[in-house]
Ligand SMILES: Nc1ncnc2c1ncn2[C@@H]1O[C@H](COP(=O)(O)OP(=O)(O)OP(=O)(O)O)[C@@H](O)[C@H]1O
Ligand SMILES: [Mg+2]
């Protein structure tokens, strides 16, 4: 710290200093190369096994331009036909989310360590979370179409099935973080377990529950736009049909409509959440 | 037990949320009105839904036990999904860097910034399955379409996150490096990269995990991976094989999530 | 060296600022035509109340803030007129030191110091930290000079404020600058460390024959270490003289009316009315 009080004061350093310095030690360097090599290998394995037909890429830009030309201009006269499916899409998202909340609450209490009954019920709760979350909404759609046949009911169930895990996971985390003092205070009045949950825990997690639900709703609007691809109702059905019939200018109208509802619902959800939380 | 837990809260939700009984009443009125409206417009075929319930039981019965005898088919599909996810994450990461810089208000000129942001907003809107079907039309059925789909949406997601990290970094070091006479590239690598690297790596790992999840679904429209196998097994009423696939997907997704949490914790 | 040039009677000043003005996009007129000439290596302190335009002035010199009008002549070259490439070349010769140090925290001390040479190496070399041996030697020497020998592999965020500022100084000196700009380098440091840093800067100005402009709020520090003091008010220079000639009248001119001889702490809680009466008492 006091080196600047050293006697020699000249422009040339009195001592000699090293003129070599390496940022990384040889070992660090080897580790870096190993990482790079590993990533390169993973990339090579992935790309080679995918059997990519590189020739396709050669004229991809021409194809893309061709596609754009066929899409433009959008066929606006088709718009009235898609209003009903758009509303259906929103209904699927909303009803699915509503059902999900009803189921998510008990699952969350099961999956939170401090409110579950025992190790067994906790495991059941966790298993429900994992199952619900690890299967994509569209795949849930496949399952429910097999059960209920094509239509919006399958879509609503698919949205609900996927959302239960999403909402319950975040709510369970909130439950695990509730203020234990308030819970004990209510417990000490001799309240039953369910009363404790209702009086002491629910009010504390309510903001999380509402926020998560609204957030999930806007994700679900996006998800419902494709549920029709597997026959689970909504606008996706018409989009899939239009594309398969090469009715590109019609598909463009649908895409613009989806863009509209997704952006609006995202903005709405962000606005409501900022008001609440 | 569950029903009781669910019904109890309702009595307590009201005061905190709505304030007065009048507003609580209004809330439930709105909910009921919405239910009436939506259920009537959806024209749900009640008979078919009711018929579905016993069918659900049959399907469930046929799903148990899951049939792993065609494991090689399962394994090929899984491997393809994983390959799609890895390749797409790497390709997406590469493209996300220029996109992220362009979409960072503090690094990029105004017109470029606006264009990049608009691109991100539009690109994020469309579900992977929609993007996939376009790539299938352009490149034909198979994993290439899936790879391109996930690469595209990864680039957009990673670009957006990168742009946000760049916008949130400390401006001081950037200014200091710029003041030494460093070029844009040098300033980027000396002042920006160190500030955003760890966060970006975390996001990258997260994206690898979520690509793994998405790669199971784009197969529905023929873009390769296990989703294609799954979708085929459903259309062939091959429910025991489908349940085997579903279980494998769930296991892989759970593992991916665990791995991503673990890896992100290890990044100091 | 510069002193020899001066002794040889070369007319060109080291730094000449002519009519430098800045109006921010908000419409705020932060600099209203500033002229100064520095013709020998000296430590020039710029004082003035908050918002007087000190930072704007210093940042207009290396164009971190783009001036609206005026010229900045460094060794006769007008920096304001330079294009991007020329500006980068000019910035290499101007070292800057900041109040918040502005080190890249996740990089090591050595990486931070070497970043002072970025203007002289290509992008690839910079990425691989391939700096010429004499730069590396100079970096070690400078770290020793600022009292941080042995700290080269420490990460910058593991240093104290005073140590960080020393790294900042080393980084600026790595540029072998013709001019040093310091924007409140001691404002985040304790009084003792502040004095150490000021002493260091003063010694370096003498050793390297480099003029330095330093923004500073601490009038006592400015008096003790600067050769020359410039007072700014509302974007204009209202005082410019030897450090010794900074009188109370001059301070009043720069900062407004205040009892300069009373201890600072006392007037902190005086209500507005009482303060006004005190200042009336002072003038009467
Ligand atoms: N980026 C900017 N945009 C608009 N106005 C600015 C900007 N930066 C500074 N100003 C204004 O210009 C004036 C001078 O600011 P400057 O930062 O130069 O003052 P200063 O003397 O350095 O003050 P301090 O002692 O507090 O650091 C102030 O009124 C300030 O509000
Ligand atoms: Mg300032």
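Using the three backbone atoms N, Cα and C, a Cβ is placed for every residue, glycine included.
In TrEMBL, annotation is done automatically, which means it is predicted and not curated.
What TrEMBL lists as transmembrane segment is A:30-47 (among others).
According to TrEMBL, the domain 'ABC transmembrane type-1' annotation covers A:86-269.
Feature annotation from TrEMBL assigns transmembrane segment to A:90-112 (among others). Within the same chain, residues 121-122, 124-126, 128-129, 152, 155-161, 163-169, 171-173, 175-176, 197, 209, 213, 216-217, 220-221, 223-224, 227, 232-234, 261, 265 sit at least 6 positions outside the transmembrane segment (A:90-112) and bring their C-beta atoms closer than 8 Å to a C-beta of that stretch.
Beyond the transmembrane segment (A:138-161), the same-chain residues lying 6 or more positions past its ends with a Cβ under 8 Å from any Cβ of the stretch are 88, 91-93, 95-97, 99-100, 103, 132, 220, 223-224, 226-234. As annotated by TrEMBL, transmembrane segment applies to A:138-161 (among others).
Marked as transmembrane segment by TrEMBL: A:194-214 (among others).
TrEMBL lists A:226-243 (among others) with the feature transmembrane segment.
Tertiary neighbourhood of the transmembrane segment (A:249-272): same-chain residues 70-76, 78-79, 82, 86, 89-90, 93, 214-215, 217-218, 221-222, 225, 235, 238-239, 242-243, selected by CB-CB distance under 8 Å and a gap of 6+ residues from either end. Marked as transmembrane segment by TrEMBL: A:249-272 (among others).
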For the transmembrane segment (A:194-214), sequence-distant contacts whose Cβ falls under 8 Å of one of its Cβ atoms, 6 or more beyond its ends: 97, 100-101, 105, 109, 115, 166-167, 170-171, 174-175, 178-179, 182-183, 185-187, 269, 272-273, 276-277
